[in-house]
Amino acid sequence: MQQNGRARRPFCHHRLTTGQRAPCGQRRAGSYFRTDPTRSNPRETASMSPKPSSADRRLFSQLRSEMDRMTASERVIANFLLTNRQAVPFETANSLAAKLAISAATVGRFCRRLGYRNFRELKSAFKFDVAVAPWPIGEGLRSMLQTGSGEPALQRDLDLTIAGIIEVYRRAETREWQDIVAHLAHCSTLHIVGFQTERGLAAHFASFLQYVRPRVRVADLATGSFSEVLLDGTDKDCVVIVETRRYSRQAQLLARHCRQRGLPLVMITDKYCHWASEYTPHILALPTESGIFWGTTVPIHAALALLVNGVVLALGDRVEQRLAHVSDLYQEFVGHVGKPARGQRKKGGDIEP
């Protein structure tokens, strides 16, 4: 690719822990690519975050200008604030400390360094407009319609999407993720349910899992009772709810009933879902921020694919046996392109039994 008469190297968003860029398409041995939380590229972090107000901009400028003089732990906090602005209102000093593997006292010292008494006061400096819908409304929508979806918007969306996928792959290495995979692989019956636009995500997830393990069910929303889940389910089963904002009332109600009846529950949702933790410890709160009209579901798709892969690895040889049986049945009833179903043959262009 040429730019200003010079060859332009493909840009790779993956940064190794050494701070060196890795060639696109390659993988560091023994691990997924990891972003270095102690390093921050102001140009990149600005493009991957919501546009700040003038009040926010002063705080962001302060964080960037002091980054080089911060300790390693302080840089971790600063980088989180710069690249996860929409998640900040939902954090406390303790939750942030646990997430970043530092102490709550370190979070407090960081806030006082910036001139705030505590983390709560620092949060108040962020002028957030946390939307209740995964699309822009009001002034945000008018601004998008005026500016269109040109290269800057698409580049920002690409940056956000890649950052979201990287976050998902990092989550796939955690103990929390492995606990969820164990539930999906070894439960007796797996009930999967999605609401609104997430119904497609849930059906997609269930279809793949039905190939690799038995007793995978997509909950029937039409019945209006979820009786096959709540009445027939046991504590040996597992329920998966796939839901993002604006959250269906049914999703929260089903989660509440699962907790009351002792049914293991996995929530696959976005980072704004403040109620999921009331009903289960098994939560994948995934990034959905985008630079275009709809909130992105690409990181959720990536997470679902990795969860299926985890189930395959957990079940081992049994997966191959089941796949062979499923393939035989499909060939018996339907057949593949170029290979009609058994018992059928072509004659004069027609297929006959």
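Keep in mind that glycine also has a Cβ here, set from the backbone N, Cα and C atoms.
Annotations in TrEMBL come from automatic prediction, not curation.
Per TrEMBL, the features are:
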type	residues	note
REGION	1-57	region 'Disordered'
COMPBIAS	1-16	compositional bias 'Basic residues'
COMPBIAS	38-52	compositional bias 'Polar residues'
DOMAIN	57-133	domain 'HTH rpiR-type'
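DSSP labels the residues of the domain 'HTH rpiR-type' (57-133) in these numbers: 55 helix, 0 strand, 22 coil. Note on the domain 'HTH rpiR-type' (57-133): its mean pLDDT in the predicted model is 82.
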